[in-house]
Structure formats: C-alpha cells, structure tokens
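Report on the structure given below.
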Amino acid sequence: MENRSYVGDSTVGHLELHRDGNGITNNVQGTTESGLPPREKWNKSIEFLLSCVALSVGFGNVWRFPYTAMNNGGGAFMIPYLIVLFLVGRPLYYLEMVMGQFSSRGCVKVFDLSPLMRGIGVGQTLIMALILGFYSAVLSISVRYFIASFSSTLPWARCSPDWTNCVDSEFKGHTNSTTNRPSAEYYFKKSVIHSQSIKETGSIGMPDLNLALCLLFCWICITVILIRGIRSSGKAAYFLAIFPYVILLVLLVQVCSLDGAWDGISFLLKPQWAKLLEVKVWQAAVTQCFFSLTISLGAVIVFSSYNNFSNNIYRDSMIISWLDTFTSLMSGIIVFAIVGNIASITGHDIKNINETVALGGPGLTFITYPDAIAKFDAGQNIFAVLFFLMFFLLGLGSNTGIVTTIVSGVKDRYPQLTDWKVVLVVSIYGFCTGLVYITPGGFDVLDVVNDYGVELTVLTLVILEIVTFCWVYGVDRICHDIKFMLGISTGFFWRICWGFVTFTIIFTIWIFSIQGFKAPDVPAGLNAFGWCLVVLVVVQVPIWAVYAVSKRTETGLVNKIIAASLPTPDWGPESSTMQMQYKTEVEKRAEETVTRGGIMDMLKRMCPSFSE
C-alpha cells in the first residue's frame, strides 16, 4: 500500500492507493474545502454488484415483465425484447455505469459534463419519484399476501360463496364452463384491492385499511435500511439479491409439471413474426428494457458513483445485464406456465385468455403465482410464506434503489443536508403517494401514471441523454475516460452502439409511439392529469438549459450556449490527484489533435489531391 498526502483544488485530506484484483483503487478520506465529507463508497465491490442485482433484478422482472409480455402477445414480445436488450439495454447500462463511476456524481450532477442538459437528470429523478409511488403500493400488496399465507387454508385457494363462476385455484382438473375464473383472481380483485373502475364509480375511492398498514410497514423498512446511507443498504444487498433465486427456481420446477403448462410456455417463446411490424410491441420492449435494467432513470449512475475509481465496471455490467435477462425469462416462463394451466382448467384458448379471463395488467402476478402455489401437493403455506417473503425482498431492493437515486439527486444539489432528513422526507412522500394506488380505482391511476409520466417521458429523456453523453461530450472522449479509469480499450460494438445504433432504434420507436399513442380508457380529467405529468418532467430540460445559459458571463447568446454545453472546470475524477492527472492527459490529447489538424491542413495546401 502506498500513502500520499496531498492538497488539491477541491479536496483536502488523505489518499490511499492500493492494488486489488481489479487494479488500483483509491479512497479519499477527509473533507472538501467547503468542509463537506467526500462521497461515500461501497465497503466492498461485491456490495455494489449485489446492490445493482437487487435494484435491477426486482419488480421489473418478476412483476412487470410477465404482464407486459402478456399484453403484447407473448412470443410476439420476446424477439423485440431480446433485440432491444442487446442493442439498447446493455450498451446503455455499461455507459451509465462508466459515467457514474468515472465522475463520482449522481444522476443530476453527472451533467456537469454539459450543464446545458442538466434538466435531463432532474427529469429522471422526477420519473423515479412517480415510479416510487406505485412500486411501494405493489410492495404493500406482497406484504398483505405474506400475512394471509399464515392462514390454515390459503384464502385464495378456494372460492367464497359470493364469487360467481369461480373455480378453486387448488383444483387440478377441468371444468366445462368457459366463464369460470380461478379463485386467486377473485381474491385479489375483491378481497385485496376491492377493484372498481373509475369510469363506473366516478372516483378512486378510499385506501384499504389493511393495505395502508402494510404500506406503512414497507416504508418503515425502507427508511431503516437507508437512514445510515449507502453502507447500510450495501449490507442488506447480500440477502436481498441472493434469496429470491432459491424460491424462483423451486417454483419453476413446480409449475412445469402442471397440466397445460407447456402450452403457456410455448405461447411465450413461439415467435409471431407478423407482430414484429407493430410499433406498440417494440415500444413495450424498450420500456420494459429500461424498467428491468433500471437504465435511463438515473439509478445505475447513482449506484456506480459510489464505486472506487478503478473498479472493474465492465465485468460488473456484463454480469448484471445477463443475470437480468435470465431472471426476466425465468419469471416469464413461470407465469406463462401458470397461465397455460389456468387456460387448461377453465377451457379457454390461451391466445385469447387475456381478453376472456382478464389476466393482463399489473395484477397478473398476484393472480398467477398464488394460483400455482395453491396447487402444491404439500407445504402450500410454507412455500406461500417463502414466496411472498421473496417477492417482498425483491420489491424492497427495487424501492431502496429508487429512494437512493432520489436522495442522491437532492444531496448532490444540497450537499449540506444529512442523509436521514432527506430519506425521511422521501419516505413520507412515498407513503402518501402509495395510498393512491391501494384504493379501489388505484390501478386505473397506475395505468395513467405509467403510460404518461413514465413511458412517454423516459423515451424522450433517454434520447437526450444519448445525445448529451455520446454526441455533445463525445464517444471518443468516453473511450479515453474508460482507458484512463480501467486501462482497457473500448471495442467496436460499444462505439457503434453509443454513436449510432442505440440512438437510431430509440428515436425511431419514439416517433412511431408518439404517432400511435392511445389514451387509457379513463375519465378525461385523469388523462389531462397524465399530460400534466408529461409536461412536468419534460419541461425540466428547457428550464435548466435557460438557467445554465443565464449563468454564463460570455458575450453573445451563441457563445453562452456553447460555453454551457462544455464540461465544468472540476469535471473528472473525485480525487484531486487523479483529476490533475486526468486534466494533464486531456490537455495532451487536445494538443495532439491541434497538431494533427495543422499537419493535415498543410498537406492539403501542398497537395490538393491529398484530401481525396
């Protein structure tokens, strides 16, 4: 180990340099000149990896992926999803990890590389705040099921006398009536969320008291995990990331033995080539990719910003992105195997079961998984307890990641605030907004917030993010930064995706999705609220651009805009020593570029044919 004392422009303290399996790692200890401590770091690189797994491999895979695939035709969705993962998801995931780790900045402050576009980070933080509301509501439903799993007989396994056309979920035979629905569906809609359409009732109704108490419990857990900052959440990641896979693997083995299961799996995996021409399917694939990997929402940038400077980010991004894909496919196979079983029992055609039995939508997971557990020959209660504990842990990982992103955005702007105060305020906000989604009409509100506030806006912001990172800042400079940070060269695949392919795919889908957008079937006032959410998020970009330009001292509007689009003077590694080395290298590259440009101009003047 090598110790150095240093005094830099931005940090005064002690720098430790030591080598590990990944190369040189630096930890800055001490305080900044403003008296503030340097950015927290993960205790171990494995904590970062597991925290990213807990963040990315969560509700986006086990809850959102199955119902998105169901709503978009099963196998019709899989091919676009896998293509998008390869050409959009993985490149963006690696890019965001690089930008966060290199700069040690969160999703807002990372735009120090181009202050003109800082509104992108603010908009992404607002999207995360919208997602936080319904993610925490889904988490509370998992707690409700967890408690119900301790009943002597699973309450969703058998029909209640007032549930008409109901068939017991524990039943493994076949019925003659196609109007029958599993008791697990009735339990979710009538006993848990008391589902009612806003169009029929005219209001969303009041929150369910039991779910409200579960929601409060969820937010107490999230607050306890995060109140001490990133180090405490890193410790929790060991359990949050690993345990769910044990339960999913057991459930996978169980459902594959059910009658009709392979019909459902075939429906998920069998390609429907004609559907590839439908823009809606591609848009759903892109949005699901963003949700499952949690990219373009700021969380990946935030988590990687707590890394040591030379952590092997390339290795981590590959592990997490492939594991995420595997988890989505496994969750999809489990759910569609259960859907195939439901179709077999009730006599429905699996191709039309979404319309006839209404299994699509956010509630799909809370119907199919309980239905499968009810069919276990033994140990129903034990496995129900374990499964919904797993589901709770998955959601806890996702929600803590979202809260961490929001807290980081606030603290990057107001670093004098303490962690616990920001976490407490965000938790109170999350609890209050979560109450909306556990009302009888809450899932109608969820559809509006998701369609307007998330799907429309995230595509817009990710286009601007790619333009900022890859065009304004530049792919060449990103590759030089990776070389400086990790000592590895960037391959052609990443360069071509960052510079052209990823942007082209997303921009094309964005154009067609705007043209083909259909408002949810809800009252006009709720749709107007949705458009207000779009404006609230997207308007952050011009507002912060105007603010950045107004702060410039250059003369002339064009000069102000150009200056505001360039990196700030302190852009680069957090450590003063590393930043000095980085600036020296940047200046050296700039001189070489100027020299090469001068030689080329001279050759062209001496020999006009040289330019040809």
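Cβ atoms are placed via backbone N, Cα and C, with glycine included.
Noted in TrEMBL for the protein shown:
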- 46-63: transmembrane segment (TRANSMEM)
- VAL57, ASN61, SER292, LEU394, SER398: Na(+) binding site (BINDING)
- 75-95: transmembrane segment (TRANSMEM)
- 126-147: transmembrane segment (TRANSMEM)
- 209-227: transmembrane segment (TRANSMEM)
- 239-262: transmembrane segment (TRANSMEM)
- 282-306: transmembrane segment (TRANSMEM)
- 318-339: transmembrane segment (TRANSMEM)
- 382-410: transmembrane segment (TRANSMEM)
- 422-440: transmembrane segment (TRANSMEM)
- 452-475: transmembrane segment (TRANSMEM)
- 496-516: transmembrane segment (TRANSMEM)
- 528-550: transmembrane segment (TRANSMEM)
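Within the chain, the transmembrane segment (75-95) has long-range Cβ neighbours (under 8 A, six or more residues past its boundaries) at 68-69, 267-272, 275-276, 278, 281-282, 284-286, 288-290, 292-293, 295-296, 300, 313-314, 317-318, 320-321, 325, 328, 332, 462, 466, 469-470, 478, 493-494, 497-498, 501-502, 505-506. Count of Cβ pairs under 8 Å against the transmembrane segment (126-147): among 209-227, 282-306, 382-410, 452-475, 496-516, the largest is for 382-410. Remote same-chain residues near the transmembrane segment (282-306) are listed as 39-42, 48, 51-52, 55-56, 60-61, 64-65, 68, 71-72, 77, 80-81, 83-85, 88-89, 92-93, 96-101, 103-108, 110, 121, 124-125, 127-128, 131, 230, 313, 320-321, 324, 328, 398, 401-402, 404-405, 408-409, 454-455, 458-459, 461-462, 465, 505-506, 509, 512-513 (criterion: CB distance under 8 Å, separation of at least six residues from the stretch ends). In this chain, the transmembrane segment (209-227) touches the transmembrane segment (382-410); three or more CB pairs sit within less than 8 A of each other, excluding pairs fewer than 6 residues apart. Tertiary proximity for the transmembrane segment (422-440) is limited to same-chain residues at least six positions away from its ends with a CB under 8 Å from its CB atoms, namely 129, 132-134, 136-138, 140-141, 193-196, 201, 204-208, 211-212, 215-216, 218-219, 222-223, 226-227, 399, 403, 406-407, 410-411, 446. Its Cβ taken as reference, SER292 (Na(+) binding site) is surrounded by 27 other Cβ atoms within 10 Å in the chains shown.
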